[in-house]
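First the structure, in the form of structure tokens, and then the observations on it.
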Amino acid sequence: MSHAFSSSSILGADFGAGYAKLNRRVGNGGWSPLDSDRYRWLQVDLRGRKQITAIATQGRYSSSDWTKQYRLLYSDTGSNWRPYRQDGNIWTFSGNWNSERAVRHELQYTIVGRYLRFIPLEWSEEGRIGLRVEAYGCAYWADVINFDGQGVISYRFRQKKMKILKDVISLRFKTSKGDGVLLHGEGQQGDYLTLELRRAKLVLQINLGSNQYGSIQGHTSVSSGSLLDDDHWHSVLIERYRRSVNFTLDQHTQSFRTNGEFDHLDLDYEISFGGMPVSAKPSSGGPQNFVGCMEGIHYNGDNITNLARRKRVDTSSFRNLTYTCPVSQTFPAFFNSTSTLQLPGQSEADTVSVSLQFRTWSPSGLLLFTPLMPGGVELSLVEGKVVVHIYISQGKNARVDISSGSGLNDGQWHSVHFLALESFAMLTINGDETSSVRASLPIQIRTIGDYYFGGYFPRTDLSPSQRSFQGCMQLIHVDGELVDLHAVEKGMLGSFENVSLDMCAIIDRCVPNHCEHGGRCSQTGDTFKCSCDGTGYTGATCHTSVYEQSCEEYKHLGRTSDSYWIDPDGSGPLEPFKVSCNMMEDKVWTTLVNDLPPQSAVSSGSDPAQGTVLRLNYSMTTDQVNAITSSAEHCEQYVAYACRMSRLLNSPDGSPYTWWVGRGNEKHFYWGGSGPGIQKCACGIERNCTDPNYYYLCSFKKVPKSDHLPVTQVIVGDTQRSGSEAKLTVGPLRCQGDRNYWNAASFNTPASYLHFPTFRGETSADISFYFKTSSSYGVFLENMGNNDFIRLELKSAYMVSFSFDVGNGPVELTVRSLTPLNDDQWHRVEAERNVKEAVLRLDKQHREVRAAPPQGHTQLQLYSQLFVGASGGQRGFLGCIRSLKMNGVTLDLEERAKVTPGVKPGCSGHCSSYGMHCQNGGKCVEKYNGYSCDCSLTAFDGPFCTDDVGGYFESGTMVRYDFMSDSTSAPVGKGVSGALGVEGNLTQEELSFSFSTSHAPSVLVYISSKTQDYLAVVLRHNGTLQIRYSLGGLKEPFTISLDHRNMANGQPHSVNISRQERLIQLQLDHYPTVSYSLPDASDTVFNLVKTIFLGKVFETGQIDPVLIERYNSPGFVGCLSRVQFNRIAPLKAALRPAIPSTASIQGVLVESNCGALPLTIPPMSAAFDPWQPDSAGIQFPFNEERVNRDGVNRDSAIIGGIIAVVIFTILCTLVFLVRHMFRHKGSYHTNEAKGAESADCADAAIIVNDPAFTETIDESKKEWFI
């Protein structure tokens, strides 16, 4: 078989290609070329087309010559070579490291060809190229048919009409034309099946049926592949069962379901191959017929090519039917970024005439450069259009530019013709001479005769703007003559460097598209990138969602109630969608609204038997809604049905008149308070209906079972009778909790683990989870293959590692934390690997990225089970893992832990990680599936104890909170009395609140005792604040008077007072704290605290007469909020009557947070602090007697008083004139709030009559599901 081997050259007679068979030792024991470079090749003729499954190589026997890396080309004809590709690249095989050992490679897929060519890329440093080879496989034979664009094979069915439930169609084709129909069949009912080439892509169109009303559209179109006009064989397999289709092109399979609701493909008479029959073509001409070759055509078990040979099918449309495939006449050249091809032309000519065809994905590149005398011509691709620069001197300042075309970097073949003759130049793209671009030349062209295609690298005074080209060229013409590239390959014409001749190895890196979730793919010659703008995803392949998985997760990031985008399956197929999140104290509710208006009237349907159908649409897809309900702990939906003479149910034995449709389009006949199969309302079951004889007449219903929701339709019957009337309200779907987010397991021993099915993440994989531990090392999870693996591990107390191997050798990414990770708090790990890069992220802060190698394996092949915890002798993980999600699927750790020794479901201790979200003294409470904030001992409400609890006080309104009696009289610290709500003796206390008012004087807070001790905070007549302390030992109370600012200005203010023994600290609003000290003669014990008064004082015991006379009447009018004394919140206790307390209300108190101080003012430094004595140049605090004497600048006061009097006089005059001008007889209308007559003030009237202002909802009129 030595004559089957040939080569580019030989070192000598004993180094010939005939000695290159594996294990052969004759001659010099193998092949070696004359020169060792990358242009050498060894070729094998298999004497017929064969299926090749494996190859093997050896070095030259007993020598220092071997090949370390090589590429494999194959061909049917010995020309138009095709490189073996794997994982999206021209594959480089690893060869030998010595002369004797054979290295065998099993091919990832079978190739078919007669000729094999081995291209050495790297060889022994000690010697030269040496090679012995072997190929493994089997014989291949198939009937081939050449389609000339006219003939069509028609396969007639045995029956006129075929109703086909299952299809299996396969064929192989090769062509140099980018358009043409490969097969087509259709039926009179509108069904069809078409396989067609469009712009060198394969398009499968299928329609199993559409109805005449247009409500069912069955048309489905799927495209696959690219660059299929490369004149190489491509295999196609179509498998259909009902609506499920597998569409495979060259080992890449797309699985999809057809549109519509029909399962059968109804075809009439025949199915055709190679085009559409004349009878099926539209009058406009229709698509082109296929031009090229097909082989191995099989249709549902019948060999169509064999039937054609035997004349068993109609081939009458062929002019000359042949069963051989013609040899391609093109000779392409493949360029990379280092390639150049130099060709000779006419010298000292006055004409430049060059034409060529090219195809590329790169937007820019050099097609041609030729120097002139003087100047030069550059023909380039710039941002997808062809640009010609004609330099008319050695400098670049004087030149003529021509451009034409757009989007020419689309991978298709495009032709370019440039002609410069005498005084003009012309550029023509794709042979369209009508759109040729012309330009005048100021000089006569004078050629040198050198033409550089695809690259020009010499550094000269005149260099082209583009340096190289990545893509293919063919049919190159210089001076009107076709260049013989065969002669170039043999070294007989021109020269080349790093150009692959007789092959076009361009790769479409966007097919298949690795950009996920609608990301847009763009590419150059050697890479691709994804644009994720507007997709809701991020990363190199748009794999990772930018949104959280649920409202629950947003809450634990510290977010408050609002509308949020969520993505329940992360990197899965569901698109993100927007929901309303209601963060409550102990629950998180997700709300999904529908489009059914409240109290929708139910009209009579056209068919009484069918009833009236009311359809509900949600602002998301069914799958998105199901993702919420399936992961929620509980869902509910409010339904109200009001009717008159329109029965909801029937007798227990009859069919219901009304039902609803829920998840999965299932009908349900039960309603809230009842259950499936029970045709009674809740009142009928509980026997408390208004009329016990009619237990089926219900006015309100609720739907309780979460797995049946949401309600998508309500079918209402019994509306045909005279006088029948019904109205329906279906509220939003409300779901609480997220089981996936809290799904956790505790690993108690180093040997404990959970196992799951093998992880499937061949080209794209992401893993995310939370963990907490007190250990400094352990394996989180691991999955193994033969050589491939993936592992996430806690390497140390500060480091997390992500390691994997896809066949290119182990890769490890590590991320180091600045703080310990074994602090028994939750930490989040996110890892992703795709064909572009690998990413590891810790706690959304620390991140490492590792780019994938430009060439190499890309698919992760795993075979073992997935182990979470210890596996394979690795150090086990001790601690908790929660919310483990892999490629968008949450693994059920809890369910598996229930049956696994050493692992327990769930994990406690969430407050150590999330307790900081409970603010204002709120206490974090552990829950099985999370935590909540206990705000009972604070003056706040809300999920994080951040919502102010306040109320509006009318004149005379008072809140009283009484401490319970207690025999203990010993001094206690703060918190003891406050926590228990009993009388006590205090040596320290804290009082905080906020208020807003426009009225003075008033008592804000008064705390009395059974002795003469008290604490009071009052507003004096001029609106200034005063704090009065009376603890005994002094003749007069100790006062802190703040005389420099009117605080009765309608704006919210906050007051924080704390005392410890003699030290008193006061902070107002956002200003720095100021300290005071009780006189030495003062006592330091607040004895027998008795009552807290808000707004007004009504005390039977001893009380300061100054307080009563000056400040207690008429009482506080305005807003108080977040009032707290030690751990007592008297105002909150009064406004929450459901919680037992000693609080009481006298007068009208409307809940409102109008006294809340917005936390938007930045802290003020002491240098500009008006509360600070030094900054204002005043003494602080003032005594009440010194206010009028020393506290105000008298000149400023006099001037201000005069201005105020003048303004007041003008305003009074204007009011009088307006009233006089608009006075008239008769009745009039007013917008004054109703009830203003009885209200004490206008503000009170507004609050009483504005429901939105009170922020309270009457829940007694609502009925919710359980």
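Glycine too: its Cβ is placed from the backbone N, Cα and C atoms.
What TrEMBL lists as domain 'F5/8 type C' is 1-138. Residues or ranges marked as domain 'Laminin G' by TrEMBL: 144-325, 330-504, 743-907, 948-1154. Feature annotation from TrEMBL assigns domain 'EGF-like' to 506-543, 908-946. Among the features that TrEMBL reports, domain 'Fibrinogen C-terminal' is placed at 542-591. The annotation disulfide bond is assigned in TrEMBL to Cys880-Cys907. What TrEMBL records for 1197-1218 is transmembrane segment.
Highest Cβ count within 10 Å among the disulfide-bonded residues Cys880, Cys907: Cys907. Of the candidate ranges 1-138, 330-504, 506-543, 948-1154, 506-543 has the most C-beta pairs within less than 8 angstroms of the domain 'Laminin G' (743-907). Residue counts for the domain 'Fibrinogen C-terminal' (542-591) under DSSP, helix first, then strand, then coil, are 5 helix, 19 strand, 26 coil. Across the domain 'EGF-like' (908-946), DSSP helix (H, G, I), strand (E, B) and coil residues number 7 helix, 12 strand, 20 coil. For the domain 'F5/8 type C' (1-138), the mean pLDDT of the prediction comes to 94. Within the domain 'F5/8 type C' (1-138), the DSSP-based counts of helix, strand and coil residues read 9 helix, 69 strand, 60 coil.
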